[in-house]
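Participant: Below are the features I grabbed from TrEMBL:
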type: TRANSMEM; residues: B:6-36; note: transmembrane segment
type: TRANSMEM; residues: B:82-99; note: transmembrane segment
type: TRANSMEM; residues: B:111-135; note: transmembrane segment
type: TRANSMEM; residues: B:155-178; note: transmembrane segment
type: TRANSMEM; residues: B:190-209; note: transmembrane segment
type: TRANSMEM; residues: B:221-245; note: transmembrane segment
type: TRANSMEM; residues: B:257-280; note: transmembrane segment
type: TRANSMEM; residues: B:300-322; note: transmembrane segment
Amino acid sequence: MAFDPLLLSRIQWAWVISWHILLPAFTVGLASYIALLEGLSFATGNPAWLRASTFWTGIFAVSFGMGVVSGIVMPFQFGTNWARFSDATANVLSPMMAYEDLMAFFLEASFLGVLLFGRHLVPPWAHFVSAIMVAIGTLFSSFWILSVNSWMQTPAGFSRGEDGRFFPADWLQIVFNPSFPFRLAHTVTAFYITTGFVVLGVGAYLVRRAEPGSEPRLMMRMALALLAVLVPLQMLIGDMHGLNTREHQPAKLAAIEGRYDTAAPAPLTLIGWPDDAAAIMRYAIEVPRLGSLVLTHSWDGEIRGLKEWPADQRPPVAFPFFGFRVMVGIAFAMLAVVIAGLVLWRRGRLFETGWYLRLCQWFAPLGFVAVLAGWITTEVGRQPWTVYGHLRTEHSVSPSLTGADVALSLAAYGIVYLIMFPAGIAVMIGRIRAGLSLRAEPRDPVEGLQSRAPVKAPPPAAE
Amino acid sequence: MFDFLPIWIVILGLAVFFYVLLDGFDLGVGILYGFAPAEDRPLLMNSIAPIWDGNETWLILGGVGLLAVFPLAYAIIIPAVYFPILLMLLALVFRGVAFEFQFKNPAIRRLWRWGFCLGSVLATLAQGFVLGAFVQGFRVKGRDFAGTSFDWLTPFAATTGVALLLGYALLGAGWLVLKTEGHLQDWARRMGRICLLGVLAAIAVVSLWTPLADPAVAARWFSWPNVAFLAPVPVLTALAALAAWRALNGWGPDAGPFLWAMLLFLLSYLGIAISLWPYIVPRQVTVWEAASSQGTQAFLLIGTLFLLPVIAVYSSWSYWVFRGKVRGDVGYH
Ligand code: HDD
Ligand code: HEM
Ligand code: HEM
C-alpha cells in the first residue's frame, strides 16, 4: 500500500500542534492568574490568596511541563516534514521564531524554577516578580508565534528571489501584517476565556463538595467577573477578525460561510451539508440578508462565492464551515452561562444553586473545544496554501520523505501522545481532587535543595 | 555592507555548545539514574528539577538559530536525520513530564521514573547519531537532501552515539559530585571515573576514524604547518583528561570534575569544528552558501546582542538561587 507523504505530514502536523495549542490555551491564562494571586497575596498578606495560588501553581506545573515538551516538537517539525517551506520562508520567518525563544522561552524557563521551587529561597517580592516574568513570557511567546502564523495567512513586507524564496523588505510590515492584530487579540482573549471557564468550573466543583475556606468562592467570583467582560469582547473581536478575513482571504471567508455562489444581498447559512464536488450547499437553512448584515454591516453587501476561484485554489468547505459554527455556538452558550451567573450573583444565590454549579463544571473544557475549532477554521480555510496566495502546501513538504517514513513517525507521535496527555490530564485532575488544604505548604519536600536550609528528605521514589 | 556572518557563527557555535554542556549534564544525570542506589534516585532528579527546562531552551535556540542563520543547512540536515530527531523528541517528552508526574499508585510512578531514565538514554543516543551522521555528511541535490531517511544508520554514527552517552554521563557525574556529598558523592566519583575512561577511548577512536575515512580531514590536521598550530588541541585534551581523573579522585574543589569535563567537551567540539570548517553541510555547503540574507541577520542581531546578556544575568540568578548541596546523607523515614 502506498502512503502519501504530503497527506500524512499534514495529519502529523495537525496532530502535534492541536495537542500543543491546548496547553498554551491554558498556561497563558493561568500564568497571568497566578501572577495576580501572588500579587494579591503579596499586597494583602491574606493567606487565602496564597493558598489559592499554591493550588493553581501545582496544576500549572503539570500543564507547563507538557506545554514545553510538546512545544519543543514544533520547531523541529518545520525541518523534518516541511523542509521546502523552511528553505523558502526562513529569511522572513526565522527571526520571529528566534525572538520567541530569546524573549519568551528563556524568561519562562528561568523564572519558572523559582516560581515552583523557590518560595522559601527568595524574598516574597522576588517570588512575585518571578510569577510576573513567567506570565509575561507566555504573552511574548503568543505575540511572536502568532505573528509568524499571521504572516502565513496574510503575507506582507517581502520580496521574492529568482528561485522563489521569500526575502524581507520591511520588518514592520512583516511583524504587524494585516491579520496579526486581530489574531493576537482574538487568540489571547480566547486563552483567558478558556482559563476563566476552567477556574469557574473548578471553583464550582470545590464549592459543591463543600471545601472549607473562602477560596473556591473567590475563584468563582473572580472568574465570573473576568468572563463578563471578555466573552462579549471576544464576540466583538471575532466579528472584526471576520471582516479582516473577508478583505484579505476572501476564499476562506466563502468557505466559512459555505457560499459557493457570489450573492448580494447574501443570506446567512445557519447550517447545511457542503458538497465540494458539486459546489453546492445541501439542506441549507438560511436567514435572508443576515449574511450581508453581519459581514458587510449593510443590507445588501456582496459576499463572494468559491466559484470565483479555480477549483484547485479553493479550500475544502466542511472543516471551516463546521469549525466556525462550533466556535460561535460555544461563544453564545458561554454568554448564556455568564449572564445566568451574574443574575444569580446579584440575587446572592450563586453558591447555593446546584444546577448552576454543575453547569459550570460542564463548561470547564469548552474553551479548549472552541480554540481548536477556531484554529481548524483558520488553518484549513487557508488551504491549499501555506503562504496564502504564494506557496502551495504540496510545494512545502520535504522531498526526501517516503509515505512509509511519515506513516511510521505519525504512528509514534500517535502512541506517545495518547499515553502522555491522558496521563498528564489524570495528574491534573488528581491535584484538583486533592483540593486546597493538602497543598498548603507547596512542594515542601523538593524545596530548598540546599544543605544550609533546613534539610528535608525527598519522598522515596517508588516504595 | 558589513558582514554579520562571523558574529553569527560565534553566537550559534556558543548556543550549540551551551546546549551540549547544560542539557548534557542533566541528561547525564538521567542516564546515571538507572545505576544509582535506589534510595538516592529521587535526589538525583531533584538536583536538576528546577533547571532542566531552561537547559532545554538552548536546544530550541540551536534549532531555530540554525534555521535563522543557515536556513539551507537546516532544510538539508533536519530531514536527513528524520528518525533520530523523532526519537530525540519523543524521548524528551517522556523525560520532561516525568518531573511533574507524581502518581499515587507506586507501580505507575515507578514506570514514569524509568521513562525518565530511558528517555535520557534515548535522547542522548539520538543526538549522538545526529552528530555522527553530520560529520559523515549528507547526499545533496540542488537545495534538498537527496538520500533516504535511513542514511544516518552507520557504524560511525553508532560509535558517536555511544561516545555521547559516555560523555553526557561524565558531565552528569561531575554535576553530582558538585551537588551531593557523602556516599552519593563517592558513588558519583566512581561513575565519573568509569565514564572518563570510556570517553577517552571514544575520543581516540573518533580521532583516528575521521582522518582515515576522509583524506580532507587528514590533510587539515597532518599537513605542514597546520600540524604545529593544531598540536595543542590533542595535547590539551590529554592534560584535561589527566586533571579530570585526579579531580574525580578527590583532588581540588568539588567543582573540579565538572569543570574539567566541560573542558574536554570544548576541546572535542573544537576538534570537530576544525575538521569540518568551512562547511556547514560537510563537503557540500559552506557557511557562506547556506547563510540567510543580510537583512535577516541584521534584524535578528540587534535584539540578540541585547537579549543574550540579559538572559545570562537572569539565568545565572536562577542557578544561584538553587546553589549548594542536595544532601545525599539524609536518612529516609
Ligand atoms: C474561546 C475561544 C473562542 C471563542 C469563544 C471565539 N473564538 Fe473565534 N477563534 C478562536 C477562538 C475563539 C481562536 C482559536 O483563537 C482563533 C483561531 C485563529 C485565530 O486567530 O483565533 C479563532 C478564529 C476566528 C476566525 C477566523 C479568522 C481567520 O482565520 O481569518 C473568525 C472569523 C472568528 N474566530 C470569529 C469569531 C466570532 C464571530 C466569535 C463569537 C461570536 C468567536 N470567534 C468566538
Ligand atoms: C496553535 C494552533 C494551531 C492549530 C490547532 C493548527 C492546526 C492546523 C491544521 C489542522 C492544519 C492542517 C490544515 C490542512 O491540512 O487542511 C494546519 C496547517 C498548517 N499550520 Fe497550523 N495550526 C495552529 C497554529 C499554527 C502556527 C502558529 C503555525 C506557524 C507558526 C502553523 C503553521 C502551519 C503550517 C506550516 C501548516 C501547513 C501544513 C499543512 O497544511 O498541514 N500553524 N495547522
Ligand atoms: C498559537 C500558537 C502558539 C502559541 C500561542 C504558543 C505558545 C506557547 C507558550 C505560551 C509556551 C510555553 C509553555 C506553555 O505555556 O505551555 C509554548 C511552548 C513552546 N512552544 Fe508554543 N505556541 C504556539 C504554537 C507553537 C508553534 C507553531 C511552535 C513551533 C514553531 C511552538 C513552539 C514552542 C516551543 C519550542 C515551546 C517550548 C518552550 C519552552 O521550553 O519553554 N509553539 N508555546
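Here the Cβ of each residue, glycine as well, is placed from N, Cα and C on the backbone.
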Participant: Using a Cβ cut-off of under 8 Å, list the residues of the same chain at least 6 residues beyond the transmembrane segment (B:6-36) that approach it.
Facilitator: 44-45, 47-48, 51-52, 54-56, 58-59, 61-62, 65-66, 69-70, 95, 113-114, 116-121, 123-124, 165, 167-176, 184, 187-188, 191, 258, 262, 265-266, 269, 273, 287, 291, 297, 301, 304, 308
Participant: When each of B:82-99, B:155-178, B:221-245, B:300-322 is checked against the transmembrane segment (B:257-280) for Cβ pairs under 8 Å, which one has the most?
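Facilitator: Maximum Cβ contact count belongs to B:221-245.
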Participant: Using a Cβ distance cut-off of under 8 Å, indicate which of B:111-135, B:221-245, B:300-322 has the most pairs with the transmembrane segment (B:190-209).
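Facilitator: Comparing B:111-135, B:221-245, B:300-322 against the transmembrane segment (B:190-209), the winner is B:221-245.
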Participant: Could you pull out which residues elsewhere in the chain have a CB under 8 Å from any CB of the transmembrane segment (B:300-322), counting only those six or more residues past its ends?
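Facilitator: Contacts of the transmembrane segment (B:300-322) (Cβ under 8 Å, skipping residues fewer than 6 from its ends): 4, 7-8, 11, 50-51, 54, 68.
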